[in-house]
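Scroll down for the structure; my scribbles are underneath it.
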Amino acid sequence: MLTFFKNKLYASLLFFLVLAIDIYIKLSDYQLPLRYVTKSLVIIILFLIFNYNKKEKDSSNKYFVLGLLSFWIGDIFLLMYETPLFFKLGIVFFIIGKLMYTKRFSHQNDFNIGRLLPFFVVLFTYMVIVTLYVYDNLGDFFLPTLAYLFSAMLMALFAYLRKDSVNKMSFYLVLVAMFFKVVSDTIGVLHSFYNPDIAYHKITIMLFYGLFQYFVVLGLIKEEKYTRNIKEDNFTKL
């Protein structure tokens, strides 16, 4: 039965169906305990899609699995966000998840600092602007929020550094995933610490988070690694 997930089309349709159900339940008055089930199913389906479609055995895939598990645990804690301790634990596990993904995206190839710098400046500027918007309302959450945004920036940087180390399809799928995560994180932080009445936040936070995870999975499934030598500017497929 689990071989159903080898068919990426059907498995993807199932994923988006469960994601839509989760968002629908989030909009209802009966979120718990149903969302413990639907949010868990979202992660489980992603894992099964990845597990049954990955092209090759890669020891670094364990970091993706650990990251996905961390996001799952963080999801559960954040469902109980009204309790400050659980909210902080949710943030911590999301940070761990991002760091695990960062490790998965890392590689041994050389990279061009000059090409990386503009991307870094854009991400750093984004982090500063978001922090300034919510600074007055952060209180005890200043350091966790700063770490949360920094880990997002780090993950995006390492996703960008995959360029020329993997095939274009994989690179762009993961880069699109980073865009969705930035949008989800931005709305989430602004909703939590700036304006709790942001329009459609109940839909957009989970929708863009789900798209982030889905495109990461697709990107890793499509991944073909290359080695690069900056001095010779040539590539070799592993």
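Going from the start of the chain as shown, residues are counted 1 onward.
Cβ coordinates are placed from backbone N, Cα and C, and glycine is handled just like the others.
Heads up, TrEMBL stuff is auto-annotated, nobody curated it.
Annotated transmembrane segment per TrEMBL: 9-27 (among others), in sequence order.
Non-local neighbours of the transmembrane segment (33-51) in the same chain are 2, 5, 8, 11-12, 14-15, 18-19, 21-22, 25-26, 64-65, 68, 71-72, 75-76, 79, 210, 213-214, 217, 220-221; each lies 6+ residues outside the stretch with a CB under 8 Å from one of its CB atoms. What TrEMBL lists as transmembrane segment is 33-51 (among others).
Summarising the annotation, TrEMBL assigns transmembrane segment to 63-79 (among others). Within the chain, the transmembrane segment (63-79) has long-range Cβ neighbours (under 8 A, six or more residues past its boundaries) at 31-32, 35-36, 39-40, 43, 46-47, 50, 86-87, 89-94, 96-101, 103-104, 213, 216, 220.
The annotation transmembrane segment is assigned in TrEMBL to 85-101 (among others). Long-range neighbours of the transmembrane segment (85-101) within the same chain, counting only residues 6 or more positions beyond its ends whose Cβ lies under 8 Å from a Cβ of the stretch, are 63-64, 66-71, 73-78, 141, 144-145, 147-148, 151-152, 154-155, 216.
Same-chain residues lying 6 or more positions outside the transmembrane segment (113-135) and placing a CB less than 8 Å from one of its CB atoms are 142, 145-146, 149-150, 152-153, 156-157, 160-161, 182, 186, 189-190, 192-194. Residues or ranges marked as transmembrane segment in TrEMBL: 113-135 (among others).
Residues annotated as transmembrane segment in TrEMBL: 141-161 (among others).
The transmembrane segment feature in TrEMBL is assigned to 173-194 (among others).
Residues annotated as transmembrane segment in TrEMBL: 200-221 (among others).
Using a Cβ-Cβ cut-off under 8 Å and counting only residues 6 or more beyond its ends in the same chain, the transmembrane segment (9-27) has close neighbours at 34-35, 38-39, 41-42, 45-46, 48-49, 52, 202-203, 206-207, 210, 214.
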